[in-house]
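Heads up, the thing below is written out as structure tokens.
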Amino acid sequence: MKANGLDNDPARTGMERTDIDSEHPEAQPLLNNNHRTLGAGSANGPAVNEGRDIESDGFIKDSLFQIRKGYRIFIHNSKWILNILILINTIWLVTTLISDFFFNINILFGFSNRYASFNDLTLIFISIIANSFNLWFNKLGLYSALDYSLNVTLCVLTLFNLALTYLIKYTRQRIGFVGTFTYLWTSFSFFIGAILDWYLLFYNNSINEPLEERRIDDANISTFNENHTNSTENRDRSQYGSGSPTPTHRSQLVQNKHTLTEWVSIGFRNTIKFLILIFFALFTLNTLLTTLDTYRLTHKLPITVQSPSYEAFHYVDAAKTYQLHITCYGDVFDQENNTDLSENKKQPIILFEHGGYDTGYLSATWIEELYHLDKIQRYCLYDRPGYGLSDSPPAPISIAMVAESLRYALIKDAKIKGPFTTVGYDLGGLFTRVFTAKNVDIVDSMMLVESWHEELLLKNYIQRLLPPGRGDGDDGDDGNGNDGDGRNHDKTWLPSEIERHNEFRLWWKGIWSSLGWRLQTSWLLAHHGSKERIYGRDMKYQGRFLRSKFLESVTSSILSYRDVTNNAESLQNVKTSIVSSKEMVKKSALWGDWQRDLTKISHKTQEWKIVEGGHEIYKYGLGKQQTQEVLLRLIGELGKLTED
């Protein structure tokens, strides 16, 4: 009885089992039974299936291996593609730079862009930036949803700009294959960036998906065990009293976190892309404004010969390289009675050549006034290449090239035979001299109004044009127009046409002209119209105009200077009149000397008139009237001005 009682004693039985277990440890199970056990088994709850875990882990590892293998292939291939695109971009940038600004090599391939400006160069450069960023930031840890959105937006904006360009006939006919392809290529660069972002998102989700599924399964098992543990603990507490619970195992969530370096890289990339977005927003507004202005001025063109005025575009050669915008008033096609000695003899056609920073819209108003007063019968204006509505010329350009282009456009294409009285204002005086010299057979007389001297085409002309000071040094000024030797360097009296900017400054302005913010303020703040932006005061902010000024500046002291000097002898028998500004002559003795030299280019100089007012004589009432009288005397029609 006693033995049986001892055998049935739970405490003794536990002690004996403990002794046996300590003597034979290999008999112990690998994991003791515990309600928190996640291993081999638990007497108090369900156990995790080890076979399932091993199979699941193997599947995950195999999936991740395949995904990462595909990712490495994707990175390798994308680097090759992007490097090739950047190489093509760089070659294209250099080619465009040379072709648009120094020598037209596109003509070798039969391509032309009659709407060339700084836009193409800017778009190609942005394309290089986009492809470079695609290459540098094409990593799994650098994916950003914002970058994807920016790439898509920039791609659409670029295509929208191209659509605006193709919206109207004028720009659609002139942009050409090269200009169109530039827009498409830039859009393609942003499209590539969006595709790469999409692939990064795909691989990011593919890598995280199996881990996320495993996490969900582990979380479900953990939740089940936790619920079972809570019920067991509650039962233990009720049986053995309160105790401290053991922390439950939790699987860590697979999160898409970035390191500090990655955040800096993402922030830098997105900042640059955001700046590009701002640029494209301004670029789009500029394109929209230019499209509206151009449409307003060209949608009714050409105006046919049946109208009182004639306005059309004419090619400059048989190859149809580009077109000049020509406007005429009066019957310029009537060739009858040109040799008649009667009173009904037709006057010569006044052919006006505008200045360096204007068109006939501004500087020919004094001739327009004579026409409306019926003092002259007919006159023609044209915009030089890159000015107003005339096409952008191929590089290089010189005065003689423009003169030859004008002759073909007038005589061959427009069938305006002349004869002409050529009138040149400011820089246009040099173009008038060369055109007259090359066409003495169709030119009756020539008039130069505040004309440039050929010496102004040379690079160091400003130092010689400035009034002399008390010193002979030229060490730079102090910002107030004086240098250390007392020499006056105040250039404020110089007209903007004469104070020519150097090539770098023209280049810099041209690059920023793509934004068009000065053109935007012209209508937002100054309330200027379309003609002012295309022909008038705001034309100097147009990218096509700045490109033409750059081309003129590059060749001025080489080709253009030689054109003027080589054709000087042909002018000796041309009837000529000279008009000079009194203010300009008084401010610079050298300017007066140069004007005097102009009176000697012909043996048949009729008069040299110094009129009241400044360089822009058409703005001064008395000076304008005096200039009109000189023109009428030159063509033998002065009596009409004094008639009641």
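Each position is counted from 1, following the chain as shown.
Cβ coordinates are placed from backbone N, Cα and C, and glycine is handled just like the others.
Pulled from Swiss-Prot:
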- 1-90: topological domain 'Cytoplasmic' (TOPO_DOM)
- 14-26: compositional bias 'Basic and acidic residues' (COMPBIAS)
- Ser22: phosphoserine (MOD_RES)
- Ser56: phosphoserine (MOD_RES)
- Ser63: phosphoserine (MOD_RES)
- 91-111: transmembrane segment (TRANSMEM)
- 112-122: topological domain 'Vacuolar' (TOPO_DOM)
- 123-143: transmembrane segment (TRANSMEM)
- 144-147: topological domain 'Cytoplasmic' (TOPO_DOM)
- 148-168: transmembrane segment (TRANSMEM)
- 169-174: topological domain 'Vacuolar' (TOPO_DOM)
- 175-195: transmembrane segment (TRANSMEM)
- 196-271: topological domain 'Cytoplasmic' (TOPO_DOM)
- 239-251: compositional bias 'Polar residues' (COMPBIAS)
- Ser244: phosphoserine (MOD_RES)
- 272-292: transmembrane segment (TRANSMEM)
- 293-644: topological domain 'Vacuolar' (TOPO_DOM)
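Taken residue by residue, the topological domain 'Cytoplasmic' (144-147) breaks down under DSSP into 3 helix, 0 strand, 1 coil. DSSP assigns Ser63 (phosphoserine) to a helix. Cβ neighbour count for Ser63 (phosphoserine) (all protein chains, 10 Å cutoff from its Cβ): 16. The average pLDDT for the topological domain 'Cytoplasmic' (1-90) in the predicted structure is 61. Per DSSP, the secondary structure of the topological domain 'Vacuolar' (169-174) breaks down as 6 helix, 0 strand, 0 coil.
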